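Accompanying notes for the structure given below.
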Amino acid sequence: VVSHNLLCRFSLARSVIDTVENRKEINVRTGGIGDKAARKMYTFDMVFGPAAKQIDVYKSVVCPILDEVISGYNCTVFAYGQTGTGKTFTMEGERSPNEEFTWEEDPLAGIIPRTLHQIFEKLSDNGTEFSVKVSLLEIYNEELFDLLSPCSDVTERLQLFDDPRNKRGVIIKGLEEITVHNKNEIYQILERGSAKRKTASTLMNAYSSRSHSVFSVTIHMKEITIEGEELVKIGKLNLVDLAGSENIGRSGAVDKRAREAGNINQSLLTLGRVITALVEKRPHVPYRESKLTRILQDSLGGRTKTSIIATVSPASINLEETLSTLEYANRAKNIMNKPEVNQKLTKRTLIKEYTEEIERLKRDLAATRDKNGVYLSSENYDMAGMISSQEEHITEYTEKIASVEEELKRVFELFEDSKDKLDQCINDLEEKNHKLEETHKDLQETKQKLTEEAFIVSELATTEEKLYTTADKLLTTVDVSTKDVSDLHAKLERKKKVEEHNSEIQISFTDHMDAMFSQMQNSVEDQRNKHQSMLDSYKTSVGEQLEIDRLVRQFNECFPFSQMASMKVEMTSFFSGHAQDLAALRETATAGLGSLKTEHSNLKKQISRADKEHQTVRPGIDLEWSIKCLITLCNHLKKQDVKVIHFDMHNRIALAMSTLLLYRWSSPC
């Protein structure tokens with residue numbers, strides 16, 4: 001299994017990344033800083049936040065692998081990520097001024113110097129006889145260069161061959177391997193290689209690596225078996241610092257730098273396709289499309305134990321590159337390697353290999369001395385040509401086989417798909433036939449129904465004609481009825497206006513009658529007061545009459561009896577008639593007043609009933625009746641006035657006669 005570790009080197013106030021180290025998770029706000037809802041979570045074997053130290057990364061990632069290397073396994077650690085996220089610092093670090101630091105105490109040392117320090121420490125403590133060789137390879141623009149070559153010129157390109165002993169391995173011809181005797185030499189080697197490595201300043205990184213580097217450590221350890229035979233155990237560790245992927249537009253790369261960035265991105269793209277093919281278990285994996293993937297072929301899906309360190313930037317401006325790196329690492333963790341321990345060689349086998357290598361080199365040297373411009377013996381040259389030709393054929397055949405297998409697989413899948421479709425078509429055909437039979441039955445039933453419906457339609461047409469005739473008659477009737485209704489509405493409107501007019505006249509007449517009744521009541525009251533005044537005057541007249549009687553008696557004494565008798569008869573007759581007239585006048589006034597009250601009450605009832613039931617009592621008749629009542633009342637008033645006038649005249653006559661008598665009485669006899 002490929003181990004995956006995530007490292008976030010920088011801490012920002014406005015970070016889009018949240019690392020949860022104890023849960024080995026990293027959360028990315030894909031919607032930006034303000035959007036807290038849009039998040040993506042990734043889980044890895046280890047997660048390191050911005051505060052993580054170099055020693056923390058080393059102990060978690062490299063220490064377990066180093067034990068495997070010493071046990072005889074091939075292992076690889078490579079750093080992958082965007083440019084400027086700290087890959088080179090993680091792999092190489094910086095040299096501390098204090099050279100007495102151990103690999104655990106040095107705060108700035110990277111993975112490479114710590115690894116060499118710990119290797120020497122472990123092997124020295126074990127007391128094992130060992131040797132350590134290192135090499136530093138650069139892949140620049142898809143060309144291989146030796147950064148530890150003794151020549152100052154690093155333009156010499158190295159050739160890459162397949163390892164005949166390991167079908168997934170490669171041999172780099174001419175790559176210099178330097179034996180390291182102690183841990184202090186490692187910094188000199190790193191400085192020597194860094195001086196030759198291609199770097200350049202971009203807008204995203206002032207010291208951007210423009211190439212991939214592969215630092216290889218090969219350890220030979222001698223073991224003695226129980227039988228006393230000496231064996232050589234070999235362990236190899238590849239520490240790969242990949243060039244950073246970059247956006248050419250944002251990095252400001254132009255011309256040469258743009259071509260470099262294109263090659264870098266192309267090799268990383270090939271690496272991504274290799275990872276995808278391995279995860280999806282495709283039959284063909286495109287290792288040969290890039291020098292980088294050819295070198296890492298055994299580390300990806302082979303016999304090597306591999307650990308990937310993915311470095312990301314928490315800045316929101318780098319969100320796209322960060323997500324791409326996380327997706328790479330997340331896919332790569334599904335790659336399954338099958339680590340195998342390297343074969344232990346006996347001393348004789350190793351000496352034999354070295355002897356063969358020496359003989360080959362001697363032949364090349366002899367050929368170089370004998371023939372100018374030829375650096376290989378004819379045997380080796382022919383063998384190399386044959387090997388190269390066979391390799392090309394093998395590669396071609398392998399690709400053809402993979403292509404044919406893929407085509408066969410595709411054809412088989414197409415066959416299976418076609419077979420499934422055929423079965424489906426047969427099932428569909430049977431289903432359609434069944435549906436056709438049902439449809440035929442439905443057709444017969446439909447024809448029968450159609451005949452019945454045709455008869456029904458004809459009957460409906462006849463009925464419809466009758467209905468049309470009836471409808472025409474009804475429309476004529478409706479028109480006549482509508483006209484009648486309109487006339488009735490007009491008549492009702494006129495009647496309503498007449499009723500409103502009569503109501504207004506009735507209200508006006510009622511107000512006028514109330515005023516007249518008020519006036520009549522006032523007149524009756526005045527007559528009553530006058531009658532009361534007349535009664536009072538009569539009482540006074542009676543008192544005066546008594547006084548007159550007394551005076552008459554005195555008068556009789558003065559006048560003769562015969563005269564007195566005649567005057568008495570006359571006065572008695574007068575007063576008797578006057579009293580009768582007064583009584584009759586009182587009765588007449590009382591009766592007239594009662595009649596007026598009765599007629600007034602009846603008139604009010606008639607008016608009230610006419611207001612409530614104006615639809616049954618015609619306003620014209622009520623008005624005529626009211627006018628007649630008013631004339632009757634006026635006649636009664638006139639009669640009462642005549643009687644009052646007569647009564648007043650009688651009073652005046654009586655008063656005159658009384659005055660005459662008094663005058664006569666007061667005159668001397």
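Going from the start of the chain as shown, residues are counted 1 onward.
Yeah, the Cβs are placed from backbone N, Cα and C, and that goes for glycine too.
Note that the structure is a prediction, hence the values are computed from the model and not measured.
Record features, source TrEMBL:
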- G81, Q82, T83, G84, T85, G86, K87, T88: ATP binding site (BINDING)
- 344-453: coiled coil (COILED)
- 1-335: domain 'Kinesin motor' (DOMAIN)
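Mapped onto this structure are the features recorded in TrEMBL.
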{"residue": "G81", "record": "ATP binding site", "CB count, 10 Å": "29"}
{"residue": "Q82", "record": "ATP binding site", "CB count, 10 Å": "23"}
{"residue": "T83", "record": "ATP binding site", "CB count, 10 Å": "24"}
{"residue": "G84", "record": "ATP binding site", "CB count, 10 Å": "24"}
{"residue": "T85", "record": "ATP binding site", "CB count, 10 Å": "29"}
{"residue": "G86", "record": "ATP binding site", "CB count, 10 Å": "20"}
{"residue": "K87", "record": "ATP binding site", "CB count, 10 Å": "26"}
{"residue": "T88", "record": "ATP binding site", "CB count, 10 Å": "24"}
Average pLDDT across the domain 'Kinesin motor' (1-335), rounded to a whole number: 80
Helix, strand or coil at T83 (ATP binding site) [DSSP, three-state]: coil
